[in-house]
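Listed features, source TrEMBL:
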type	residues	note
DOMAIN	34-332	domain 'Plant heme peroxidase family profile'
DISULFID	44-120	disulfide bond
SITE	71	site 'Transition state stabilizer'
ACT_SITE	75	active site, proton acceptor
BINDING	76, 81, 83, 85, 94	Ca(2+) 1 binding site
DISULFID	77-82	disulfide bond
DISULFID	126-328	disulfide bond
BINDING	198	heme b binding site
BINDING	199, 252, 255, 260	Ca(2+) 2 binding site
DISULFID	205-239	disulfide bond
């Protein structure tokens, strides 16, 4: 090669180095839009398999785990965003609020985190573990497989005072549900789709107690006449006066352990457990979607995948926001 040409090429290459370094820096600095399905491809390539194995093992021992993990994600994402702030223990935290006292499944996330801290220390956030665990809970109970973007960081703030202004209440009307969902960037369709999470899991009696009253002879009678009579009778017998505060009822009375479209079939038969479920069939804005999902499980599953990803990316923290916790139940330091 001509010496002058060789020198020119070298000089040109050296001039490009600053630009290459800048490009590398930009690519390695995460932002809210930089979540990706292969975020841990090099830093912890087996993260999804390890989380799934943990969820699968726990679910084999306790069939209520899938519903608990799914509910745990909802209660996390709707408050401070999907940042695992609901996992933090302590006085005055989200977890301490009465609305979150009945949450469960924490130990599954903790177990996965402990394993990952051994194999990939300081790498995988509790927020990502929770999203993966909830995703896997759906698939393990017969629901669709969903590819979720990863790269969330864990939040530093967890305050009980933030729970009530952001959480969905089981007594909400469609207008109240819609307002709460749209404030999080979710649509009316997302509301109907994500309510389908109630196809698994269970609820404590006090979650729908306003639908009944105690008669003079001590029995529970429905005040909500929209409930199908046979179903109302079953609920009244299970949640009778004086029943333990720990008594629960399956959200889906037909296929409680399967993630399917039976929830929507139940709604149309007036067998929706919660008031916030039942109102979806009495409002024209939501009823048509309920009907569509009751007729097609494929349609429900396809739309679920889209809405679940939207839910799991609410208010995520990336880059310099938050941290990677060493323990999911407390902030570092």
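From the backbone N, Cα and C atoms, a Cβ is placed for every residue, glycine too.
TrEMBL does not curate its annotations; it predicts them automatically.
When other Cβ atoms within 10 Å of the Cβ of residue 120 (disulfide bond) are tallied across all protein chains shown, the result is 16. Taking Cα separation as the measure, residue 81 (Ca(2+) 1 binding site) is nearest to 126 of the recorded positions 120, 126, 260.
Distance between Cα atoms for residue 44 (disulfide bond) and residue 205 (disulfide bond): 42 Å, as a whole number. Sequence-distant contacts of residue 252 (Ca(2+) 2 binding site), defined as residues of its own chain at least six apart whose C-beta falls under 8 angstroms from its C-beta, comprise 198, 199, 200, 258, 262, 263, 266. All protein chains shown were included, and the count of other CB atoms within 10 Å of the CB of residue 255 (Ca(2+) 2 binding site) stands at 18.
Same-chain neighbours of the Ca(2+) 2 site beyond 199, 252, 255, 260, judged by a C-beta within 8 angstroms of the site's C-beta center, are, in sequence order, 200, 254, 256, 257, 258, 259, 261, 262, 263, 266.
Along the domain 'Plant heme peroxidase family profile' (34-332), the predicted structure has mean pLDDT 96. Close to residue 85 (Ca(2+) 1 binding site), meaning Cα to Cα within 10 A, are the following recorded positions out of 120, 126, 239, 255: 126. When the Cα of residue 83 (Ca(2+) 1 binding site) is compared against those of the recorded positions 75, 126, 260, 328, the shortest separation belongs to 126. The subset of recorded positions (120, 126, 205, 239, 255, 260) lying with their Cα within 10 Å of the Cα of residue 75 (active site, proton acceptor) is empty, i.e. none. Comparing residue 255 (Ca(2+) 2 binding site) with residue 120 (disulfide bond), their Cα atoms are 38 Å apart once rounded. For residue 205 (disulfide bond) paired with residue 71 (site 'Transition state stabilizer'), the C-alpha to C-alpha distance reads 16 Å. Note: the Ca(2+) 1 site is recorded as 76, 81, 83, 85, 94; in the same chain, 77, 79, 80, 82, 84, 86, 127, 155, 158, 315 also have Cβ atoms within 8 Å of that site's Cβ centroid. Annotated pair residue 71 (site 'Transition state stabilizer') and residue 126 (disulfide bond), C-alpha to C-alpha distance, rounded: 16 Å. In sequence order, the recorded positions near residue 76 (Ca(2+) 1 binding site) (Cα within 10 Å of its Cα) are 82, drawn from 82, 120, 239, 260, 328.
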